[in-house]
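Taken from TrEMBL, the feature domain 'Phosphoribosyltransferase' applies to 21-166. Here TrEMBL flags R50, G51, D109, D110, L111, V112, D113, T114, G115, K116, T117 as 5-phospho-alpha-D-ribose 1-diphosphate binding site. The Mg(2+) binding site annotation in TrEMBL covers D110. Sequence annotations record features per position, and here TrEMBL assigns GMP binding site to D113, T114, G115, K116, T117, W155, I156. Here TrEMBL flags D113, I156 as guanine binding site. The xanthine binding site annotation in TrEMBL covers D113, I156.
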Amino acid sequence: MAGEAPELSAQERAGKAFPVSWDQFHRDCRALSWRLNEVGPFHAVIAITRGGLVPAAIVARELGVRVIDTVCIASYDHNKQGDLQVLKGISEAAMKLGGGTGKGLLIVDDLVDTGKTGKLVREMLPDAHFATVYAKPMGRPLVDTFITEVSQDTWIFFPWDTALSYHPPLRDGAA
Ligand SMILES: O=P(O)(O)OC[C@H]1O[C@H](OP(=O)(O)OP(=O)(O)O)[C@H](O)[C@@H]1O
Ligand SMILES: O=c1[nH]c(=O)c2nc[nH]c2[nH]1
Ligand SMILES: [Mg+2]
């Protein structure tokens, strides 16, 4: 409707930007693996797709875990959060490895924000260990192990969602 302010995306509402390079992401995943190595061993890694696939591959490699399953959840359409949709649940084989409750399983995601995604997966696997690379305060209580906390008003830009581009200089007219 005319005069109505357009709805802000979660990214616009966040305000601050935290861009992460591939190098930085790899370093943070290695740091996460060091911490998880003290907690394991794990029978399998469960990646929350799609963002959890990249850290799951790195962590599984570091920890020598070769059984990897996915739980496929859609919530943010680009950067607006809608209702959570479970597109694919955890496989029967992985459920069996975790004794039905997730004991000895490692859930991996790139981040927790509001915690809605993490909460849903925790309900599926209450005894699993939940690890993320980054955590915002609202989702943090759900996570067992993470590396870096960023404020709730920060939007994390992952390397697979971004590309190098021109950035204008700070001072007007200096270009
Ligand atoms: O704590 P929450 O507020 O639930 O947000 C965190 C989730 O949001 C992002 O996934 P997204 O739904 O954007 O899907 P994607 O992983 O396929 O990019 C991110 O990868 C987490 O899974
Ligand atoms: O790329 C992303 N960055 C974020 O900060 C975020 N929060 C929820 N979903 C997200 N996706
Ligand atoms: Mg995700």
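Glycine is treated like the rest: Cβ placed from N, Cα and C.
Caution: TrEMBL annotation is automatic and unverified by curators.
Locations of recorded TrEMBL features on the structure.
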residue	record	Cβ within 10 Å
R50	5-phospho-alpha-D-ribose 1-diphosphate binding site	14
D109	5-phospho-alpha-D-ribose 1-diphosphate binding site	29
D110	Mg(2+) binding site	23
L111	5-phospho-alpha-D-ribose 1-diphosphate binding site	22
D113	5-phospho-alpha-D-ribose 1-diphosphate binding site	24
T114	GMP binding site	15
G115	5-phospho-alpha-D-ribose 1-diphosphate binding site	18
K116	GMP binding site	16
W155	GMP binding site	19
I156	GMP binding site	21
Any of the binding-site residues D110, W155, I156 with a C-beta atom under 6 A from ligand 1? Give them in order, or none.
D110
As a check: which entries in R50, D109, D113, T114, T117, W155, the binding-site residues, place their Cβ less than 6 Å from an atom of ligand 2?
D113, W155
Could you round the CA separation between D113 (5-phospho-alpha-D-ribose 1-diphosphate binding site) and I156 (GMP binding site) to a whole angstrom and send it over?
10
If we take the residues R50, G51, D109, D110, L111, V112, D113, T114, G115, K116, T117 that the record assigns to 5-phospho-alpha-D-ribose 1-diphosphate, their largest CA-CA distance in Å comes out at 17
Mean pLDDT across the domain 'Phosphoribosyltransferase' (21-166) comes out at 95
Between the Cα atoms of W155 (GMP binding site) and L111 (5-phospho-alpha-D-ribose 1-diphosphate binding site), what distance do you get, rounded to the nearest Å?
11
Please give the GMP site's span as the largest CA-CA distance among D113, T114, G115, K116, T117, W155, I156, to the nearest whole angstrom.
17
Restricting to the same chain and to sequence separations of six or more, state which residues have a Cβ under 8 Å from that of T117 (5-phospho-alpha-D-ribose 1-diphosphate binding site).
I48, I73, S75, L84, D109
Between the C-alpha atoms of L111 (5-phospho-alpha-D-ribose 1-diphosphate binding site) and I156 (GMP binding site), the distance in angstrom, to the nearest integer, is 9
